[in-house]
Each structure stands twice: as structure tokens, then as C-alpha cells.
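Input: a single structure, listed below in C-alpha cells.
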Amino acid sequence: MADGSRDQVLVDFQAFTGIEDFDTCAAILEQHEWKLEAAVNSIMPSYDTVGPGCEVNIPSAFPADVPVERADSVPFISSPVEDFVNISDDEPSAASGASSSAMASSSSYTSSGIHKRMLNFTVEYRDRNIPVVIADSQTVGCIKDILEVEINVPANQQVLKGIKRKFEDTTILRDLHLPKDNTLYVLTPQIRNPTLTRSTEETNHTHMSVDINQEYTLEISYYENTRYKCVQLKFPGRKTVQEVKQDVSNLSDIPVRHQIWTGWPDGTLDSLMLSQCGLSIPLHHLDLTKANNSTTNKPKYTTREVVMEVSSSDDEDDEVVDSFPEEEIFAPESANTNIRRNVTLMPENFTDEMQGLEHFTREFKNRYGDFHPFFFLGSLDDAIKESLQQKAKDRKLLAVYLHHDRSIASNVFCSQLLCSDGIVNYLSTNFITWAWDMTHECNTARLIAMATRHFGSVVATQMRNYRSEELPALLVISRSRATNEIVDVIQGHVTLDELMTRLIHSVEIFQEQQAADISEEQERTNREMIKQQQDADYEESLAADKAKAEIQREEEAKRQAVLEVELQKQREEERLRQEEEDAKKAIQRNVSRSLAVEPPEDATYPVSKIRFRVKGGDIINRRFRADDTIQTLLNFLITKGFHTEEYKVLTTYPRRDITQLDESLTLESARLFPQETLILEEK
């Protein structure tokens, strides 16, 4: 479906349902392949009259071959890694049954008249993914009750995130107008210092036995027309990696040969099936970027990709292959070489660090709006002094934001996380924020030098090894025992809630250390410490000024030396050119004196009329005696400034270079009589 048609469907869907959230509407439409009627019916309650003898099919987690009336005797089979929880209105004890060996299900169905819709939730807690299936007639609190059994966290200490509408524990899920598949996040702010570790069960779950019938869900992030997109595609385990890449090329318009992937497990080959790659279950995240094409004079071709339709249903995966004539397989690829590059946040090879940081702030504002963190305008050394080297009661954590324009996550991290109200206010209150752009290599090298000076070679090496897909990153820097240390590195793929949680955790630890430092500082003699610090700062500043002045003098001396060499080279080239020009003019004068007079038009002896076509399309006509030699003709050209060592003199047909003939031949014997047209070309 074309983008324009989808936009209209989205507008109509919002008008029908009254759902204002764009992402929620798009997710529901994707669920139903952008079919408006099916999507509207999926969230609008329908009222059916169920007679006493009617048989009603109830969505359930039981196998299809088990009769409904015996469903209560079928044990609930739990995954070895994560408990799969299914709850409906007729299963009040589902929360307790999720952790036990069986799940009870009512054998009868109450004909309340309201169509029940089952919702799928993937709940992320620490490094666990907990699937929950629940009827939309249940409340949000029921989800918390289920999770209390699964994660051993009381429901009143759970904070659910991921639902963009306002809700309470008593809110009915149907009233939130949720799509069928949803992702939630559990925060536990009342539990201090959580240890985020991956369980052995989850590790084993990632490396399940090979099953070609297993269905894998790939979450693929990529840029399209400067917009960040994230899609979820389902593939059977028998599909190869190469086929997946081919399908994605049809979706993203990025040919397979230009695709750069991040996130495939180590050792993944294009020939392997998905079931052989060790993908994460139930969801595996991949990042896709487009390779930069180098401009060459060779013609570019693109292969017509096989059209693959990937169904979003759980039980359907159809493949459609279009056949094309052989002569249509390849076609010239149109290239637009006039695409304007975005201005980077920090210019390349800037000389004044303050100007570079001001440029960063200005461009950041142009991209992401006026509401953004306040970036400290000064060197990294000044930022450290402003944040970590103050009196204990005035200290703040230092947040260093590292940006890279070629990272696929930069735009989302800046616009949706870094510029959110809560993050901006929290950074302004508790941090000094300093930023740097690592897009250009020269700026990266400058940052590495500063990091080596302030944080040591280990941290500098880590920064040097950052790849673009590992950025952006927010470094939280504290100070302990007179040493600057990085206490947390928050990379750009985190969620908003995780970012806030980690910042809060860092501040809490810092405040504990800050309280101890204040107590120690009060025990010292304040005046003596202040004087010593002032003396040290003065000496350091004086040494830095001297070093800077010395560097400036050395750079100026080098610049003058290079300039003098360049001027000397130019003077020598001009002298040689002038000598060559004078020599040519002298030859022209000598030849002009010895050149015979042009025969008159009414001459009685044989005359050859020669027509010269010179550079620029000009024509020179000249008559020669038929017994004049080729040397005479060439001498005439020399008098006109066309020297034989620089030009070829060619006949039209057959094509001959006169300068290669015997110069003693007469024009008549050289077949240049009675007339001929000669073309002058530069050698």
C-alpha cells in the first residue's frame, strides 16, 4: 500500500475510534494489514445474541485437539525459561495457576453478550521477557497480580510503563484501546540497587534446539527518507538469512548489496536458516543501515528484487515470487548526486573549542527544538571543575553526551529521550552536561586526547573503540579520592524509563558519597585548603598559558616557512614558463624571416590551397607552391604559434599525421595538392 493511502487510512481510523495516539493506531492497523474495517472491528465492542443452544468458540491457550468441556483437565505447560500466562474472565485463578503445574479453565461460557478479545503482553523486567495473555475485560491490576507471582515483587511496588494512555490499577484494558500485541516494562523504584543479571535459563533459551517450524520475530530498525522506522516481521525457522535480507530490501528500498546489519549472532552466514543462527526468543532486535556509495564513472545497475509478502498472522507465511523477462532483470539505477548533507553538530577542524561547542548547541537546537539539556559551554576541563571540583556541598555529577550523526539511534535518542521533560529537568538539577560530536575523525582524536588527560588511557581506549552503532552514549562521571571515574555508560538503545532509572541510581550513590565528603571537608582548615588550591590553580594556569604561547610561536614559524617555500616554488615555475615562452617567440621570428611569400591567387604555376582548422573552430587559409615541402607548411604553422612538438596536423580522410611524414616531401607528392583541409589537435 502506498504511503499516501496509508495516511488516509490512519486518518479515517482515528476518526472512527477516537484514539488520538499515532503509534497505537499504526500498531493496530499493522496488526490487520491496514484493512480499515477489520482494524475498527477489532477494538469496537460487538454485541451478539447467544441462544441457549449455541456453541461458542472461546480463544484459549489449550491445544486445538482438546475438547472444550475437558479443558480443565489439561495441564498448563510452562516454558523452561519463561512462564506463559493466560488469563480470561472465566479464569479467576490464572495468576496462581501460572506458577503451578496446571491452569484451570471453565468448561462453560457465559453469554454476557460482549465479545472477548485476548491481548498479548510481553513484559520486560530486568533481563527477563514474561509473556502474558489476558482478556481485555480484565483490569491493569490483574497484570500486576500475575507478575507478582512471576517476579516475586509485590503488586504495589510495581510501576508499569509502555501504555501511552493514563491508567490506574482498576482501569479496564478494553478502555485503553490497545492493539493485540503489546510490550510493557516493569520498574521497581522502591527496590534499591537492582542487580541486572541474565539468568542461566534465559541464556539457554537463546540457544534452543534447532526447529525449522519455530516462528521468529525480528524487530528491525532503519532510516527511510531521513525518518527513523522500527518494524516487527515474523519468519519461519526454515527461511534463510539471505531470504530475510531480500524481503527487507523490498520493505526498506535498501538493496541487499548496500545493507549493513548489526545484531546478527556471531558466525551468522547468509546460507544459514534462522533456526540455525541462535536468535533471541520471542524477539530479536536488528539494526539496518545503508552503505555509502562511492561515485564512479561506471554505470550503476540494480537487480529487481523478488517480492515477498510477510504475513503478520501467527499461522500464515506465504511467499509470492514475480517472474520477469531476462532483459528486464537489470535496469540503470537513477542516482541523485545533489542530496544535501546535514550540517554536523560540531564542525570539522575548528580551531576555537568554545566556537565548536557553541556550534553544537546551536545545531542541536535547530534539529530537536528549544527544549533540550543545557550544554556547558567550555572545555572538558572547565566542565569537570564546574561539576566535580567544587566544594562538597556544591558538587554535581558530570554527564558527557557523545554524539555521532551516522548512528541509527541518534535521532530517536535525542528527540524522544534526551529532550523529554523529565530528563531535561533532572539533568539540569543534578548534573553539569557537556557534549561532544564524534562524527568527524579529527574531533574524535581531540576527544581522545582530552579523555586521556582527564580519565586515563583505559577510558580513552574504550572511547577510541566506540563504533558508530554503539553511539550515542551518556557518560556519568563522578569523583572519588581525587580521581575522576566513569560510573555509568548509558547507550542510546535504552528506553526512557531505563534512562531515568539509571540516572536516579547514579545520583543516589553520588549523594551518599557527597554526604561523606561534606563531613570530611568540615573537619579541615578551610582557609589553608583554599589558599593551596588557589596557588595550584595559578601555577597550572600560568604553565598552560606559556605552553599555549610556545605552541602558537612554533605554529607561526612553521606557517611562515611553508609560505616561503611555496612562494619560491611559484617564482621558479614562472621563470621557467617565461623562458619557454621567449624561446618559442624567438623560433617564430626566425622561421617568419625564412618563410617564402604566399603565391598570388592568379599564379601561373601549380598552387596548393591548404585550409587549417585550429582549436576553437577557427579557420586559417594559406596558398603554397605545389613544390613547397612539408617543412615549409609546418614552418607556417610555427609562425602562427602552433609548434609541432605540441600539435598534431591531421588530414581528414584518410587520417594521417603530417608531422610524422618526411619533411622533405613536396606537397604534391604528399597528396596535399591541389587543396586539402588539415586539422590541428593538441598532443
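Keep in mind that glycine also has a Cβ here, set from the backbone N, Cα and C atoms.
Over in TrEMBL, the protein carries these features:
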DOMAIN    119-193  domain 'Ubiquitin-like'
REGION    518-538  region 'Disordered'
COMPBIAS  521-530  compositional bias 'Basic and acidic residues'
COILED    544-590  coiled coil
DOMAIN    603-680  domain 'UBX'
Residue numbers, six or more beyond the limits of the compositional bias 'Basic and acidic residues' (521-530), whose CB comes under 8 Å of its CB atoms: 391-392
Summary of DSSP states over the region 'Disordered' (518-538), given as helix, strand and coil counts: 19 helix, 0 strand, 2 coil
Within the domain 'UBX' (603-680), residues counted as helix, strand or coil by DSSP: 13 helix, 28 strand, 37 coil
Average pLDDT across the coiled coil (544-590), rounded to a whole number: 91
